[in-house]
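As written in TrEMBL, here are the features:
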TRANSMEM  70-92  transmembrane segment
TRANSMEM  154-176  transmembrane segment
TRANSMEM  196-216  transmembrane segment
TRANSMEM  228-244  transmembrane segment
TRANSMEM  256-280  transmembrane segment
TRANSMEM  329-357  transmembrane segment
TRANSMEM  369-386  transmembrane segment
TRANSMEM  440-460  transmembrane segment
TRANSMEM  467-486  transmembrane segment
TRANSMEM  514-539  transmembrane segment
DOMAIN    599-662  domain 'CBS'
DOMAIN    696-757  domain 'CBS'
Amino acid sequence: MESAIMEPEEIEPLIGEGDTDDIPGIGQYDDFHTIDWQRDIARDRMRHRYIVKKRQDSIWDLIKGAHDAWSGWVCVLLVGVCTGAVAGVIDIGASWMTDLKFGICPQAFWFNREQCCWSSDEMTFDQGNCSQWLTWPQVFGDSREGAGAYIIGYLFYIIWALVFAALSASLVRMFAPYACGSGIPEIKTILSGFIIRGYLGKWTLIIKVVGLILSVSSGLSLGKEGPMVHIASCLGNILSYLFPKYGRNEAKKREILSAAAAAGVSVAFGAPIGGVLFSLEEVSYYFPLKTLWRSFFCALIAAFVLRSINPFGNEHSVLFFVEYNKPWIFFELVPFVGLGIIGGCIATVFIKANIYWCRYRKHSKLGQYPVTEVLVVTLVTAVVAYPNPYTRMNTSQLIYLLFNQCGISNSDPLCDYDRNFTDVNSAIEKAAAGPGVYRAVWLLVLALVLKLVMTVFTFGIKVPCGLFIPSLALGAIAGRIVGIGVEQLAYNYPKIWPFSGECSTGDDCITPGLYAMVGAAAVLGGVTRMTVSLVVIMFELTGGVRYIVPLMAAAMASKWVGDALGRQGIYDAHIALNGYPFLDSKDEFQHTSLAADVMQPKRNETLAVITQDSMTVDDVESLLKETEHNGYPVVVSKESQYLVGFVLRRDLNLAIANARRTMEGITGQSVVMFAGGAGAGAAAAAALPAPPALPLNRILDMAPITVTDQTPMETVVDMFRKLGLRQTLVTHNGRLLGVITKKDVLRHVKQMDNEDPNSVLFN
């Protein structure tokens, strides 16, 4: 296991920065700082070269080398197994507690409604009720129907919802404030090379799991998919510490976190390939081929483990399996693209309203009362949701109902058509919609408005809450309504040309459930701006491989409409709102500024530098006290300003403190030496009986990335994106002029886009 640590004497400083594990803490980062990808990857390559070189020495070193080679695969295997197991626990807990709002199973209170009814031989499932399952009014000796029963049921629904939400919000507030929200904006930022200590820690993991079960059960308008990505990333972070190669190296750890994010989506939807594509398209920043294979393996293992736990108790590990496989008519692409446009509009309204509300919460007194806010939102949701059967039921059940085809067994008002089923196996005939369908459509319109408004207020409150399921529900409702409209059009006017070929036989040629599927993809695509991964997730989610083209058409239309109406998806908007230092690799920099315009300090101010061999320990410490910079350029002398290298503030502090503890005779008057050989300072020190010099060439990066003052900012921004830099030094004819940090780049981009540059908060 100790293969990641090497003896410092055995390696020459290959890149000007020998491996400095003899000074504890070097190579780590402070909270809310950006990592230096280049430096971390170089350190890992050196460590790897050393292991390969030692491999011939002994059998033990050979075993160490082999362990180092397979540790990445072992790590993602563990992440996959743990993610699958945790997802099973969440699914089982949430389904039991959701049903607890409606009633209880007296023989075995730990059964949910479905499991309670398995043991009964009754085949009459009216809304999934059987005699074993007691609703709350029955527990209190009332009948199942009637006004009294309705009021008791209503009260219990509200009380349980409030209890669950209060528990969830209190746990988050007391133990793990980072466990709130979906976590995807922060995971994106962390994967782009930012450190948020504790965000992926064990407390966050435990509270996120418990809080997620509670908040999903409380009936709030939220899903468990986004938080599953956060939970999987927490597991990836914790398990990476078993392997020093990943635990000690932030850039390498990001490879494990990318694979973990894929496993999170894989178990949330039962969509392993969609998970890998989601990690690639939406959350990951640096995604080499090796990470792609590992993500694929991790998602596969996680889906396999979840499948063997079988939390849904059916043969599909897929969330909303659909049975129909009717071909779609070419003409239907028109309403599908129309649904894409509707989805893009709904998504834009949602994003703008949600960001406005979150910004208001952030800057007003409301933000000081998180638990109260959660309770008010829960109370309003429960009171308004109960009367409407489509909002009262679990959101996943609602989506499943909307995706489904009307068959013989469906007793829902949505399937109240004037059909008489004579032969079970015959094709379903076209039929006029009965009064139940029209009533259901009105209830669905109400449900759409209610869900949209409630989700705006729910996403961002201080409980774990995801966005995928509410977005899918919004789209599925809109899609089902459009589908019923097109179906009735085909029934009433079968002779007009779009329907004339396929719909003249009398069989049902339009499937409203397919429209619900396409609408769900459209809204989710508009909200998150996913395209490829969205389509794959949707057909993995439903098993409807035949409908890839309709899904693609709707996803593209919705993305175009969303991009036209507002530039950012919901996650990017939340990153900007929180001021995280995230340089999006998808954006283009279109301005003509130069490096000299952005660098700090500006032309007439002085730059804080350290000379290579003429400053004492006291001089360096006073420089550290007076300035706040994360690092300092090292130059030949104050007069010449020729660049020697770059040294990090954290490393300087650690090295000086370490030298004072361990080296004899180091005082405030000792000269700090960054030059390799005996320089002028060393010669002077030999003449006088001065204290010994402090050699710090070990922590000096002698190959810092530099640009000239005339480099276009377009190139500089590209370097920051593609190389994952923390800072770059600006020179003119080899002399140092200034520094550009990631924060300077982000502020400059904001300024050029006429936004507030001070909204970038961190380094």
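Just so you know, glycine gets a Cβ as well, placed from its N, Cα and C.
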Among 154-176, 196-216, 440-460, 467-486, 514-539, the most Cβ pairs under 8 Å with the transmembrane segment (256-280) come from 514-539
Which sequence-distant residues neighbour the transmembrane segment (467-486)? Criterion: at least 6 residues beyond either end, Cβ under 8 Å. 182, 221-226, 268-269, 332, 335, 338-339, 342-343, 346-347, 350, 390, 395-396, 398-399, 402-403, 414, 433, 437, 441, 444-445, 447-448, 451-452, 455, 458-459, 510-524, 527-528, 570
Any chance the transmembrane segment (196-216) and the transmembrane segment (369-386) have 3 or more Cβ pairs under 8 A, given the pairs are 6 or more apart in sequence? no
Quick one: find which recorded stretch in 70-92, 228-244, 440-460 has the most Cβ pairs under 8 Å with the transmembrane segment (329-357). 440-460
The transmembrane segment (154-176): which same-chain residues, six or more beyond its ends, come within Cβ distance under 8 Å? 97, 100-102, 136, 201, 203-204, 206-208, 210-212, 214-215, 217-220, 370-371, 374-375, 377-379, 381-383, 386, 392, 461-464
Cβ-Cβ under 8 Å with the transmembrane segment (70-92): same-chain residues at least 6 beyond its ends: 209, 212-213, 224, 228, 231-232, 235-236, 239-240, 242-243, 245-246, 255-256, 259-260, 263-264, 266-268, 290, 294-295, 297-306, 309, 311-312
Report the DSSP secondary-structure composition of the domain 'CBS' (696-757) as helix, strand and coil residue counts. 26 helix, 18 strand, 18 coil
Could you break down the residues of the domain 'CBS' (599-662) into DSSP helix, strand and coil, giving a count for each? 24 helix, 17 strand, 23 coil
